[in-house]
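The transmembrane segment annotation in TrEMBL covers 12-33. Under the heading compositional bias 'Acidic residues', TrEMBL lists 38-50. The region 'Disordered' feature in TrEMBL is assigned to 38-62. Per TrEMBL, the feature compositional bias 'Basic and acidic residues' maps to 51-62. Residues annotated as domain 'Alpha-D-phosphohexomutase alpha/beta/alpha' in TrEMBL: 113-223, 400-500.
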Amino acid sequence: MDFITNTNPKKVKVFIFGVVISVAAGVITWKLFKNNENENENENENENENENEKENENENENEYKNTKNNLYKLIQHIKICNGLDKRSGLVITNPNKTMTTTKATTTLSILKEYTETLMDYLNSLYPKEKLERNGIILGYDEDEQAKKYAQIIAEIFVKNQINCEIYQEPIPIGLLSFSVKFSQFVAGIMITGSMNSDNKFIYRIFWNDGAELSFPHDDIMMQLFLQRLQTSISNDLIENSRQSQEMETTDNSKLNNSQIIKNTREYYEYLKDNFSYLNILKIASPISISYFPVNSSWTKWIQTAFSWFSVPVAVIEDETSRELRRIFKNEFSKLFGHVTRLAERKDSNIILLNDYDCGRLFVFEKIDKGWYFFTANEIGILLSWWHMINFRKLSPEIETKNVALINTITSTKMLEEMAKKEGFQYQESLPGVKWIGNCASKLQETGVKFLFGFDEDFSYLTGEKSLYRDGISAATAISELANYLNHYKKQTLKQKYDELKTQFGFYSTEKGIIRCQSKDFTNIYRNIFNRIRNGGNYFKDLDGVSIISIRDVSQNFDSSTRDKKCKLFTNIVPNSRSMKFNNFHQSRLSDITLSNAKKQFQDLDRLSFSFQKNSVESGNEILSFKFVNNIIATICWFESEEESVYYYLEGSEKFYTDKFNKNLCDFTETFIEFFFQPSRNNLVISQL
């Protein structure tokens, strides 16, 4: 379509020129505006960047403070049990749902520092070739975090060219001790959950002899760890926490697990070849035995062990494992009623029960219409007798005076009487299963064979190749004994124990815990022990009953010995082999005393260690009194349980009298009242 226009050409040109000028001006204006806007944006961005940098700095500072504060809190709950303590290892808070990420990473940081401390110490003791060849073996229990921690520890050793083998499933703690010695590892590590708490775990180290780490190695480890931890807090706290957060569990393909399967089979073969004294298959009607696993993982292990011993056992699982674990942790007093009700349904004669790491053994026996729960001393005596009579039959060529049985100073002295009359060697150790193992190792160096040992905490050690408590070997042995007595002697376990009492004497015990309700419990306990010592002038009698001898382990004093030195103390004095420390130790440890280490932390607010030195000023005290009335009293104050003092009194008589138990009970009350003054010191007494 054509348009009819009526326009002057000159006006059109002027109009077009004006439009062009306007557009150009607009473009220039827009560019100027845009440039100004960009400049403003850049300025804003720079301001934002500065603000972000400040925020990041504040966040980093807050992160540092939070990490530092959390580390302080964690350190307050760290315990390294060393010195005379009956326990050993690192006890540390476990990350759980209530913990912040930062607190969890600081926990892993402490785990890393402790592992690297061990690694440094091993590097100072052994040549590189030996560590690459022998190295470390790792195990863990069924605790949900234990496997993760074990794998993290393995990764640290692998990255530092140290051979590391790790079990791929939860294992009994006795197997790890066996594996260390059997396969000649330089050390072993066992990670377990705490029986008394859901949010703690225990990092145990086993030395090359299979016994738990003890003096002097635990003291050196503690001091080196303090130094390393102090450096981490001062310099690399944030970086350490970040690295710990980024730590990954090890790739199993990196690990040389050639010994694992071999160790397991050899463990069963060793128990069967050395401690299976009876072919149960020859017995027409074996007694009914029920086993209750606290952890379901122990079912396979116990069934395999019983099959090697040809002992029939009914494993009662269902939902009992979870319930038993809860009772173990929270309501141990209800254990008796719970398991006996379940066993009644199975028509069982014997009930066997292991603890959370399969190290301890609890035994119940049906007596008439009721059930009898054996004490640790009673089971220890029965198993000692069983091992002694069978050893004499199977190894007549070995003189029994060179074969030792060991129990702790807080266990029954009935074992000493038995060993003496049967011609075996008897040895006492400090309280705790770690000291039995170390005492056994020391005896082996002198050519003495270790047969059996036990502690009053339901721990039993069998043979020379597993120098730690082992609930599996104890379970198979007591089951064989029960079947033997039932078939050949028509006796129950309880009847046999009563028979042994008539043969070796009547022994009765009173034991318990003394707890201080004051916040100043450390000074109160220290004053109590200072009063007992009386500046070296110990009391000579108690309410008219003469004290025959006093043994003060912490002071290396024993009034019954010729040189007045404590023979028990020699069990923890390092031998020539363990004292071969190279220049690394001398240079690193020369200025790392515990007191110096603590002084280095004084400038760090709210930092409180529970580490203690095995000295008079610490929470490691062990005193024993032997009275003229055949009563022995022992009191212990351990750093690992610094708010409590344990007492253990045992009386003995050749012939039982009706007043026997009452006299011991009355004497115990007098002993506690005189030495501890409960009312004055705000103490609460609880029997065990």
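For all residues, glycine too, the Cβ spot is worked out from N, Cα and C.
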Reduced to three DSSP states, the domain 'Alpha-D-phosphohexomutase alpha/beta/alpha' (113-223) has 50 helix, 24 strand, 37 coil
Summarise the domain 'Alpha-D-phosphohexomutase alpha/beta/alpha' (400-500) by DSSP state, stating how many residues are helix, strand and coil.
-> 52 helix, 22 strand, 27 coil
Do you know the mean pLDDT across the domain 'Alpha-D-phosphohexomutase alpha/beta/alpha' (400-500)?
-> 95
